[in-house]
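Only one structure is covered here, and it is reproduced in the block below.
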Amino acid sequence: MRKMLAAVSRVLSGASQKPASRVLVASRNFANDATFEIKKCDLHRLEEGPPVTTVLTREDGLKYYRMMQTVRRMELKADQLYKQKIIRGFCHLCDGQEACCVGLEAGINPTDHLITAYRAHGFTFTRGLSVREILAELTGRKGGCAKGKGGSMHMYAKNFYGGNGIVGAQVPLGAGIALACKYNGKDEVCLTLYGDGAANQGQIFEAYNMAALWKLPCIFICENNRYGMGTSVERAAASTDYYKRGDFIPGLRVDGMDILCVREATRFAAAYCRSGKGPILMELQTYRYHGHSMSGPGVSYRTREEIQEVRSKSDPIMLLKDRMVNSNLASVEELKEIDVEVRKEIEDAAQFATADPEPPLEELGYHIYSSDPPFEVRGANQWIKFKSVS
């Protein structure tokens, strides 16, 4: 009897040391998965599209929620550091568009490829880099993913080719990556992203043509967040059906605020490309909460009421949270714990990004030539070490 009472006492004392929310989560029986109806995609030159129902497992749901919250909090921290003048130069934030970067990654393999424009922080994270490396790159520190030399627009990871600052210029590069996949006989695809503001660039249509001629495994993806730098899509494009812009290339228009819609559409598009049918085009209808960049608040060409309406009705994190709670895939308390953990991760990363040293001046000449450069050119050394760059 004494042994039994002692065992019960140990169990109770262990439980009392844990937060009440953790005890509740541990004792609750959650569903392993749930089936959801998702919005049907608009189709162009396709007889069938992605499914209109999908299964979400508890494990995947928790992973997607954590990833989207991490991207959201990371971008808000970048906003704060920029306003403190710790981050300088160009900086384009993607809060509001988390379902795009997380959903696209959920629909492909790690060995697949991705290239995007300058709003790249979220994709850099989903492709496998840490928040520490991203924030340190934003602050120009040695521990950044590009040694502090790339900044907001030029981050890279394995099978992730940036981060490109010239509007639309990454699209032909993406077609070239897809050409390499086909040439090397690999069962891989390249996700080639651009925004609605770049969709009228001539080089994009040239890339469409070559990709279709050579049947390249390229998924062209237009992130339509409704506005270019400060111009609505209706004022910039004669046709806002961006998923039809490929003409001879099949296309999908996808709810880019719903991570499950994005995931299923990406799986469908990737399977299409892997089957040897050639390229496909996806338009993700999404929304950014910040302005085009940190140089503008983003309320001179749209109202604060419009932004708030999207936040209250279509926020991608809120949508996933409601689905998981209502289908017993997670509890409110469990998701709050994730929120707390994410906030701590972001704060720790921000401390690292502000305390890490800046790269030394000699770093300026590294990673330019594939082999040792000819330092002496016409009797001059262009990489002579100065005490200051000013």
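Every residue, even glycine, has its Cβ placed from backbone N, Cα and C.
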Candidate from Asn184, Asn225, Asn326 that Swiss-Prot assigns to the same thiamine diphosphate site as Tyr118, Arg119, Gly165, Val167, Asp196, Gly197, Ala198, His292: Asn225
Assigned conformation of Lys244 (N6-acetyllysine) - DSSP reduced to three states: helix
Cα proximity to Lys321 (N6-acetyllysine), best match among recorded positions Gly165, Asp196, Asn225, Tyr301: Asn225
Of the modified residues listed as Lys244, Tyr301, Lys336, the one whose CA lies nearest the CA of Arg119 (pyruvate binding site): Tyr301
Chain-internal residues near Asn225 (Mg(2+) binding site), provided their CB is under 8 angstroms and they sit 6+ positions away: Gly96, Gln97, Gly195, Asp196, Thr286, Tyr287, Arg288
